[in-house]
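If you look up TrEMBL, you'll see 23-288 marked as domain 'NADH:quinone oxidoreductase/Mrp antiporter transmembrane'. Marked as domain 'NADH dehydrogenase subunit 2 C-terminal' by TrEMBL: 290-343. If you look up TrEMBL, you'll see 7-27, 60-81, 93-115, 152-171, 178-196, 202-219, 240-261, 281-304, 324-345 marked as transmembrane segment.
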Amino acid sequence: MNPQAKLVFITSLLLGTTITISSNHWIMAWTGLEINTLAILPLISKSHHPRAIEAATKYFLVQAAASALVLFSSMTNAWHTGQWDITQLTHPVSCLILTSAIAMKLGLVPFHFWFPEVLQGSPLTTGLILSTAMKLPPMTLLFMTSPSLNPTLLTTMAILSAGLGGWMGLNQTQTRKILAFSSISHLGWMAIIISYNPKLTLLNFYLYSLMTAAVFLTLNSIKALKLSTLMTAWTKAPSLSAMLLLTLLSLAGLPPLTGFLPKWFIIQELTKQDMAPMATIISLLSLLGLFFYLRLAYCATITLPPHTISHMKLWHTNKPTSTLIAILTSLSITLLPIAPMILTII
């Protein structure tokens, strides 16, 4: 892709995100979402492969439908209350429509079907933007309207997302699809707590983005799109594969690592809200995710490739790992000790 064109698209993404997260008026928020959608489409379809074109088409149709619902919900609310302010969403029908629209934008169950397909058709770097930066504007709208939304509906969608995200990722062999289902599962954790403690949702989102960025950039560095490629990657960059193991375990939420921090706080907050059964269910459902993270980690570091004559091993390169991957991986593994400091903010 032409560097100037890429610069225009990346700048438009930043502009759209900034407009949405800094706006108080529904029309401005909607405009930001539209700019974002139009800017990411060329980045998805830049390879001109039929799969990439299909992914871009699916993404456009879903996001257009979600944007129309956002507009419809805000207009219905303005019709009944005379308010265009995002925080003044009080009409029950508007709240219901908005919840559906944002679930569609984010890829929450039952509107999750587009996300794995779109991620599978995109390059790894675009997949990273779709999994992290593109989820920030809808997450901001969810954060701003959280007092008005129906907690029962959000909890139901969250439990289903955590369950289906883990369950559907079990038999995948493509790394991008596994990361897509991982994203759906993490969104469940964010949605369950949004009505009770929205700051925890943002904390979870930031840490999830950090860990996912580390995994995507590592996979992009070793060019691993399938589990079979990942099995031979240890010959190419052994230290990077070892760090990928720890980052994946952190994404799964195992205790001494960063990923345990948001899960711990969310379970604690749910227990305070007398929702211990929900906390138990979502914790058990996250074990499904742990299984496929372990599978990825096993493929990346523990297996030896088959020793056949026809099998091609990847050459070990002495190319240094990028500084960004090193920083993100370090943060993805070592942030648990800052828990007391975060507790003072939340």
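Glycine residues also receive a Cβ, built from the backbone N, Cα and C atoms like all the rest.
What TrEMBL says about a protein is an automatic prediction, not a curated fact.
For the transmembrane segment (324-345), the neighbouring stretch richest in Cβ pairs under 8 Å, chosen from 93-115, 152-171, 178-196, 202-219, 281-304, is 202-219. Counting Cβ pairs under 8 Å to the transmembrane segment (202-219), the top-ranked stretch among 60-81, 93-115, 152-171, 178-196, 281-304 is 178-196. Here the transmembrane segment (281-304) does not lie next to the transmembrane segment (60-81) in space: the count of CB pairs under 8 Å, restricted to residues six or more apart, is fewer than 3. Mean pLDDT of the predicted structure over the domain 'NADH dehydrogenase subunit 2 C-terminal' (290-343): 80. Sequence-distant contacts of the transmembrane segment (93-115) (same chain, at least 6 residues past either end, Cβ-Cβ under 8 Å): 33, 58-59, 62-63, 65-67, 69-70, 72-74, 76-77, 80, 130, 135, 137-139, 141-142, 145, 148-150, 153-154, 157-158, 160-161, 163-165, 180, 183-184, 187-188, 191.
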